[in-house]
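Enquirer: Copying in the features that TrEMBL gives for the protein in this structure:
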type	residues	note
BINDING	B:Arg41	L-glutamate binding site
BINDING	B:Ala75, B:Ser76, B:Trp101, B:Thr149, B:Asp168, B:Gln191, B:Asn233, B:Thr234	pyridoxal 5'-phosphate binding site
DOMAIN	B:5-344	domain 'Aminotransferase class V'
MOD_RES	B:Lys192	N6-(pyridoxal phosphate)lysine
Number of protein chains: 2
Amino acid sequence: MKKHNFSAGPCILPQEVLKKASEAVVNFNGINLSLIEISHRSKEFVEVMENARSLVKELLDLPEGYSVLFLQGGASLEFLMTAYNLMKIDGKAAYFDTGAWSSKALKEAKLLGEVDVVASSKDKTYNYIPKDYTITNDVDYVHLTSNNTIYGTQFKEFPKSDALLVCDMSSDIFSRELDFSQFDLVYAGAQKNMGPAGTTLVIVKDEILGKTGRTIPSMLDYQIHISKDSMFNTPPVFPVYVSMLTLQWLKDLGGVKAIEKINKEKAALLYAEIDRNSQFKGFAEVEDRSAMNVTFNLTNEANQEVFDKLWNEAGISGIKGHRSVGGYRASIYNAMPIESVQVLINTMQQFEKQVHN
Amino acid sequence: MKKHNFSAGPCILPQEVLKKASEAVVNFNGINLSLIEISHRSKEFVEVMENARSLVKELLDLPEGYSVLFLQGGASLEFLMTAYNLMKIDGKAAYFDTGAWSSKALKEAKLLGEVDVVASSKDKTYNYIPKDYTITNDVDYVHLTSNNTIYGTQFKEFPKSDALLVCDMSSDIFSRELDFSQFDLVYAGAQKNMGPAGTTLVIVKDEILGKTGRTIPSMLDYQIHISKDSMFNTPPVFPVYVSMLTLQWLKDLGGVKAIEKINKEKAALLYAEIDRNSQFKGFAEVEDRSAMNVTFNLTNEANQEVFDKLWNEAGISGIKGHRSVGGYRASIYNAMPIESVQVLINTMQQFEKQVHN
Ligand SMILES: Cc1ncc(COP(=O)(O)O)c(C=O)c1O
Ligand SMILES: Cc1ncc(COP(=O)(O)O)c(C=O)c1O
Ligand SMILES: [Mg+2]
Ligand SMILES: [Mg+2]
Ligand SMILES: [Mg+2]
Ligand SMILES: [Mg+2]
């Protein structure tokens with residue numbers, strides 16, 4: 001039975017990407033060797049890395065002066081690396097606290113300097129994006145999480161200030177057109193819109209580096225990784241390759257502009273059903289709703305078993321909400337087809353009929 | 001044409017492992033979802049992680065009280081993590097400098113404390129293992145690289161002292177039986193004997209942790225990773241899975257004892273040919289020769305093109321020596337069949353005949 005995979009990450013990837021990735025594991029590009037048994041310094045793999053990098057630049061329309069890295073350690077290691085590379089000695093940074101990931105990020109930054117929490121939505125279980133805040137002039141950088149995977153909220157506008165802007169885009173990168181010149185550093189774990197778990201994309205404006213006065217350990221130093229084209233040490237070959245395939249798929253489909261249109265359509269359909277359906281209510285504030293992670297709850301918790309049985313029977317998987325929010329979360333990333341969203345909507349309608357009888 | 005893959009890492013993996021890995025990328029265990037699109041918290045993947053961990057314990061016959069982790073960042077991030085977790089504030093550690101990797105490891109440790117280089121073979125381009133050294137009583141730990149991938153040397157005996165013993169086993173773990181109770185911390189990038197690039201195995205004696213007086217960043221803290229069963233953040237799903245398959249393959253084959261016998265046989269054959277053949281000489285001191293990376297040079301450099309043409313025609317790949325040593329390096333890891341070693345030996349003999357005429 002076909003599965004409708006609404007997992008929050010690792011998550012759905014395009015079928016044709018999975019097929020090509022599977023082939024490369026036995027015979028890569030017809031060279032009679034597996035992708036995963038060749039040297040990362042072979043011309044074959046160096047080409048993969050270069051392609052991946054230039055696809056990122058092209059798809060996001062990056063301005064000149066930005067470097068693209070594929071690292072290891074997940075977005076969680078970036079929580080530390082961003083601070084190591086940007087927080088001056090005796091420095092200070094401004095953090096938006098819009099969810100569990102933001103708050104983990106600021107925890108690591110506190111090890112290296114002062115952290116000013118400029119705004120938080122913790123008071124309402126992070127169900128909104130704070131809009132009332134002041135960024136003081138004395139901070140080295142501002143950090144925010146563009147899309148809050150767990151709570152289903154998303155920044156639509158980004159703060160303007162004189163400080164550097166750092167953004168964790170783990171769960172919405174490549175999903176919508178953005179002016180990247182407003183960001184100084186962007187990072188994202190691959191395992192949502194870009195590829196499998198195991199690599200992290202980092203986009204950094206070169207001129208902001210090397211200014212903290214700190215000695216940075218080699219593996220945490222963006223300048224070292226830049227100088228070695230992401231091959232300071234052995235890169236995570238398979239995750240980088242599958243990311244490259246996924247970015248190629250996105251390009252063939254028309255790029256970020258094209259996918260943004262589809263993403264908006266999918267989100268609009270699903271939120272409309274949540275609002276219309278008497279059995280569901282949305283979790284996030286309407287104006288801050290995420291186009292990637294759609295969070296919702298039952299209006300009557302007592303019917304949970306009935307709904308769970310229905311979606312299970314429909315071949316739906318991965319829609320249980322995060323334990324800190326409860327309810328449901330349908331992650332509708334780039335690779336999620338509109339048909340699967342329709343299957344979920346049909347199931348929600350069937351559920352409403354069933355509990356009304 | 002069948003390839004004989006002598007690459008130093010990423011490197012050859014068992015054919016049946018590649019086949020199973022390839023299948024899992026399209027349909028994992030018949031669940032109609034790809035391995036790389038399911039949640040790492042799904043029962044299917046949690047089982048993979050648990051299997052991988054228990055295979056490590058079983059294959060290495062680990063004593064009680066050791067934890068097994070699958071992390072990201074490669075062995076290079078461990079250079080930093082070992083120091084972060086073991087070097088006391090104002091502490092000191094003893095490092096053996098037996099090659100480029102040892103020396104990169106000690107460079108990171110210097111950021112956190114004093115480093116005492118107890119012995120170095122740098123004077124002879126690292127072609128031997130120093131045996132004359134004194135470990136003082138005031139060090140927090142002793143660090144060494146068991147197998148020097150680039151130079152083809154290997155520790156046969158390990159130093160005894162009162163200090164903790166830390167070992168980078170990236171290029172010879174699972175290749176020979178060892179008494180692991182002599183080590184307090186062992187780490188290894190997967191991409192030689194364990195799997196594809198993208199995960200790092202760490203084996204650590206629990207009782208040694210938490211004693212430095214340092215605040216350790218979360219992602220660098222072994223105790224945090226242990227408390228979360230290697231799932232503090234999203235693990236590198238595919239590399240961990242393929243490592244599990246490779247460990248299962250090794251177990252089915254008879255375990256470390258069985259592979260050690262085969263490894264010794266392969267190494268003996270190849271070294272015998274190097275010694276016998278008038279056209280080749282070994283790079284490493286005979287008593288320190290590695291059973292994993294066999295380094296050798298031409299006796300007459302002028303014949304290089306002839307030899308390169310021959311091995312290329314024989315379907316051999318990955319035997320060019322590292323740029324810092326030159327010559328040749330045949331990596332004959334666990335998955336390397338004896339038949340491929342024989343093909344190389346035949347080519348060396350053919351070469352000798354050819355240049356003698
Ligand atoms: C927004 C965001 N940031 C950070 C992370 C942590 O990523 P990783 O598990 O790769 O460290 C996640 C994971 O889901 C996330 O959604
Ligand atoms: C002995 C040894 N240590 C460390 C490393 C570095 O490993 P990584 O590239 O995974 O950081 C290597 C890589 O070949 C190695 O052979
Ligand atoms: Mg969040
Ligand atoms: Mg409603
Ligand atoms: Mg070495
Ligand atoms: Mg000889």
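Count begins at 1; order follows the chain as displayed.
Backbone N, Cα and C define each Cβ position, glycine as well.
TrEMBL does not curate its annotations; it predicts them automatically.
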Enquirer: Whole-number Å distance between the CA of B:Lys192 (N6-(pyridoxal phosphate)lysine) and the CA of B:Ser76 (pyridoxal 5'-phosphate binding site)?
Expert: 14
Enquirer: Between 0 and 100, where does the mean pLDDT of the domain 'Aminotransferase class V' (B:5-344) sit?
Expert: 98
Enquirer: With CB distance below 8 Å as the criterion, list the binding-site residues among B:Arg41, B:Ser76, B:Asp168, B:Gln191, B:Asn233, B:Thr234 that sit near chain A.
Expert: B:Ser76, B:Gln191, B:Asn233, B:Thr234
Enquirer: Check each residue in the chain of B:Trp101 (pyridoxal 5'-phosphate binding site) that is at least six apart in sequence and keep those whose C-beta is under 8 Å from its C-beta; list them in sequence order.
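Expert: In sequence order, B:Ala75, B:Thr145, B:Asn148, B:Thr149, B:Ile150, B:Asp168, B:Ser170 meet the Cβ cut-off.
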Enquirer: Within 10 Å of the residue listed as 'L-glutamate binding site' (Cα to Cα), which of the binding-site residues B:Ser76, B:Gln191, B:Thr234 do you find?
Expert: B:Thr234
Enquirer: Among the binding-site residues B:Thr149, B:Gln191, B:Asn233, whose Cβ has the fewest other Cβ atoms within 10 Å?
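Expert: Relative to the other binding-site residues in B:Thr149, B:Gln191, B:Asn233, B:Asn233 has the fewest Cβ atoms within 10 Å.
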Enquirer: Kindly point out which of the recorded positions B:Arg41, B:Lys192, B:Thr234 have a C-beta less than 6 Å from some atom of ligand 2.
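Expert: Once distances to ligand 2 are taken from each Cβ, none falls under 6 Å.
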Enquirer: What is the total of other Cβ atoms whose distance to the Cβ of B:Ala75 (pyridoxal 5'-phosphate binding site) is within 10 Å?
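Expert: That number is 26.
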Enquirer: Just going by other Cβ atoms within 10 Å, which of the recorded positions B:Arg41, B:Lys192 has the emptiest spot?
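Expert: Counting other Cβ atoms within 10 Å of each of the recorded positions B:Arg41, B:Lys192, the minimum falls on B:Arg41.
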Enquirer: Taking the residues B:Ala75, B:Ser76, B:Trp101, B:Thr149, B:Asp168, B:Gln191, B:Asn233, B:Thr234, which the record names as binding pyridoxal 5'-phosphate, find the longest CA to CA distance and state it in Å to the nearest whole number.
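Expert: Largest Cα to Cα distance for the pyridoxal 5'-phosphate-binding set is 30 Å.
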Enquirer: Count the other Cβ atoms sitting within 10 Å of the Cβ of B:Ser76 (pyridoxal 5'-phosphate binding site), across every protein chain shown.
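Expert: I count 22 other Cβ atoms within 10 Å of it.
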